[in-house]
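In TrEMBL this protein carries:
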TRANSMEM  21-46  transmembrane segment
TRANSMEM  66-86  transmembrane segment
TRANSMEM  162-187  transmembrane segment
TRANSMEM  237-258  transmembrane segment
TRANSMEM  278-297  transmembrane segment
TRANSMEM  309-331  transmembrane segment
TRANSMEM  337-358  transmembrane segment
TRANSMEM  370-392  transmembrane segment
TRANSMEM  398-418  transmembrane segment
Amino acid sequence: MPARLPSLLARLRQGLDPMVPMLLVAAAIGFIGAFAVESFRLAMAALIHLYSRHEHLVHAAAELPLWARVVVPPLGAVAGGLLMWAGHRWIRRPRGPEYMEAVRIGDGKLPFAPNIVRTGSSLLAVSGGITIGREGTMIQFGALIASLLGRAARADVAHQRLIVACGAAAGFAAAYHAPIAGTLFVAEIILGGLELREIAAVLVAAVIGELTTQSLFAAGPLYLVPAAIPPVHFIDLLDASLLGVLAGLLGPLFLWLLDATRKRYQALDLPLPLRMGLAGLFIGLLSLASPTVWGNGYSLVQSMLLNPWSLGALGAVFVLRLLAVTAASAAGIPGGVLTPTLALGGVLGLFVAQLMLVPDASHSTALWTLVGMGSLLAATTHAPAMSAIMMFETTRNYNVVLAAMPACVIASVIGSLLRHRSVYAEALGLPEADETPPH
């Protein structure tokens, strides 16, 4: 029997589907990716605790004296800018591709040094209250770890790209507690489509990433709703359609504002630390009006889901956060705009719900906050399925999908008609006529 074992194993390997090893690799990437995301969270919490006893940035800003509320964001931004400036001078090489570039138009390889410097720069900036998404850096960090594993295993280009895509999906799932949306994020946005066999690997990585996070670090959905969202009826689709139209019109305007401001600001040719510091100072001054300006928008969304807001307060916070995230993006502060976009969409949804709710429609403010979030996200990413499913996964409430899906489809259609390139296509520099990956 022992003599037959090698031949049995050889025949088993010959008959084994080549995707089986890839699924095992994807599971390992999901597990490791969750730890990468959690390490970023812990590092950020440690930095915030240097100046506040609160972990959430809005609460931290609210307890600070006004002078400190102005000073902390530029300090964090300047520190991040100095790290990136010094790091690039020390490395003496271009910053290298980000994970979307590496997967969609590159060879799947992410250089370690430039990306770890960028991760550190983002960590310093977002810990100081800069209005930018930390989750983008978390996803990038997960993809970087996956890229290193693929290079160590000497994977070919096709598998290297898939491995990095798995790392991005795992990072997304661990950051947002949304494994299905993480899979759709990779399929709809990063690759523009996946074959069934590739989807299986990406889904495994996302699920293992979320299971690891739930089991070891943070259980439960990302957002808490006060009570069960009531069932959605046909009359609610009128409000959903209205929100979809408004978000579809607003999304392209938001992208235009980000693009135009970035071009004009960077044309000043200021040193990176100064450029980032000025944006931080602007954000600090804006936060004098409201501490909700700080951070990625998580605390703002949670407050809108649990507490009543007046129309005046909603209008003010929308303008303040729009200016803040535009400044952060224009300055080139590393991070993402996905979560800040969700916050702006939530304000839009709650505003519309209070102002123009169709008679007899559902008066659940939580529902319309979430539908607004998904709609604006769909209008800017052109990914309606990912946007709608994400609203379900971040709350664990299925009723949201029935209103969010039509709103997201309408917003995505209008947004793509008015501005052909999504926020991620612009980041990749893809031409307007081609947002699909090469085959």
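Glycine is no exception: its Cβ is also placed from the backbone N, Cα and C atoms.
These figures come from a predicted structure and were not determined experimentally.
Residues of the same chain lying 6 or more positions beyond the ends of the transmembrane segment (237-258) and with a Cβ under 8 Å from any Cβ of it are 322, 326, 329-330, 337, 341, 344-345, 348-349, 352-353, 356-358, 361-362, 368, 371-372, 375-376, 378-380, 403-404, 406-415, 418-419, 423, 426. If one looks beyond the transmembrane segment (337-358) by at least 6 residues along the same chain, the residues whose Cβ comes under 8 Å of a Cβ in the stretch are 131-136, 235-236, 238-239, 242-243, 246-247, 250, 254, 258, 296-298, 300-301, 304, 309, 311, 314-315, 317-318, 321-322, 325, 329, 365, 367-377, 380-381, 423. Beyond its flanks by at least six residues, the transmembrane segment (398-418) meets 228-232, 236-237, 239-241, 243-245, 247-249, 251-252, 362, 367-368, 370-371, 374-385, 387-389, 391-392 of its own chain at Cβ-Cβ distances under 8 Å. The transmembrane segment (370-392) and the transmembrane segment (21-46) are not in contact, since fewer than 3 Cβ pairs between them lie under 8 Å (pairs 6 or more apart in sequence). Ranked by number of Cβ pairs under 8 Å to the transmembrane segment (278-297), the listed stretches 21-46, 66-86, 162-187 are led by 66-86. If you look at the transmembrane segment (21-46), the same-chain residues 6 or more away from its ends with a CB under 8 A from one of its CBs are 55, 119, 123, 126-127, 134, 137-138, 141-142, 144-146, 149, 153, 159, 162-163, 166-167, 169-171, 173-175, 200-202, 204-213, 216-217.
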